Amino acid sequence: MGQQKTILRALAGETQAVPPIWMMRQAGRYLPEYRATRAQAGDFLSLCYNPELAAEVTLQPIRRYGFDAAILFADILLVPQALGADLWFVTGEGPRLSTITTDADFAKLGPASDVHETLSPIYETVRILSKELPSETTLIGFAGAPWTVATYMIAGRGTPDQGPAHALMQENTPLFEALLARITEATISYLSAQIEAGAEVVKIFDSWAGSLKGEAFDKYALEPARQITAALKARHPHVPVIGFPREAGEKYIGFHAATGVDCVALDNSVDPEWAAEHVQVAGCVQGNLASRHMVSGGEALVQDTRRIVKAFSKGPHIFNLGHGITPDADPDNVQRMIDTVREGA
């Protein structure tokens, strides 16, 4: 029955009359049931590392909305923590990490093979979900792309322009490339373990890919994505991979072929008609409604949703947002989006 799942059919290249739908950050603070479970966990990281509660928040949007996929509840910064970086979250400000800016800092990191000790609760979450999800729902695992994860490890926090990572790339290229290689190796291990625990699809989030230009994009966004995808395909040939090089612009063209991913997720700066012509010709695309519509709602939500469905209707497409849903979103607007996508069913 596995291939009857709508997400897997899209990822296999099938054009469907009604695209399957899920939503980045669909388990999140916009949902009252999520806020209640997070309060029970105590804090964000405790929620990530509690398999029963992490599975519960992953299931909540499936119960409420009947999305075609559930995405594992975790965080891209668990990998640096598993490598030995200190990680904590500051309320209202986001993540903080101990920084990796010198060879001595890098030497303190553990080998990629050691990540499973820290990450084993995540695999348990996947195992619980693979048992508890409805049979028609696809389970998606994920990790951050090496470049994006490195930007946090180098700066110790999110930065508007990823300046510290760009500076290290220029000033100590061997260290920068060694860090990327370590993250790449750990990511292959992590995603492979998620698949072995029951993930049916994996997604690589390169949230800051757009700040890499020209040759740097090819070396530090495309190449790690290619390495991760190739390694996963060698071990798990039937498991599809979704790549998300956010704000890659023209570099979305050719991303399927250059990396080997089965699907390319598009941010909402991308014109859907342009992407249908230039990106979807190479394979499945995912996206790309602006997440602001989940806040504002109204007729604009319906019109933009219909436009995206129509633009991508001639090829394989998974409907999603172009960015994660925000905490101020209205849950009713999510339902309206889903109803609009499925109105042709």
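Glycine is treated like the rest: Cβ placed from N, Cα and C.
Here is what Swiss-Prot records for this protein:
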type	residues	note
BINDING	Arg25, Gln26, Ala27, Gly28, Arg29, Asp75, Tyr152, Ser207, His323	substrate binding site
SITE	Asp75	site 'Transition state stabilizer'
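The CA atom of Ala27 (substrate binding site) is located 12 Å away from the CA atom of Asp75 (site 'Transition state stabilizer').
Rounded to the nearest whole angstrom, the C-alpha distance between Tyr152 (substrate binding site) and Asp75 (site 'Transition state stabilizer') is 12. Between the alpha carbons (Cα) of His323 (substrate binding site) and Asp75 (site 'Transition state stabilizer') lies a span of roughly 15 Å.
Between the alpha carbons (Cα) of Asp75 (site 'Transition state stabilizer') and Arg29 (substrate binding site) lies a span of roughly 14 Å. Residue pairs drawn from Arg25, Gln26, Ala27, Gly28, Arg29, Asp75, Tyr152, Ser207, His323, the listed substrate binders, are separated by up to 23 Å at the Cα level. Counting every protein chain shown, 28 other Cβ atoms lie within 10 Å of the Cβ of Tyr152 (substrate binding site). Each of the binding-site residues Arg25, Arg29, His323 was scored by the other Cβ atoms within 10 Å of its Cβ; the lowest score goes to Arg29. Once Cβ contacts within 10 Å are tallied over all protein chains shown, the recorded positions Ala27, Asp75 are led by Ala27. Annotation note: Asp75 (site 'Transition state stabilizer') sits in a coil segment as assigned by DSSP.
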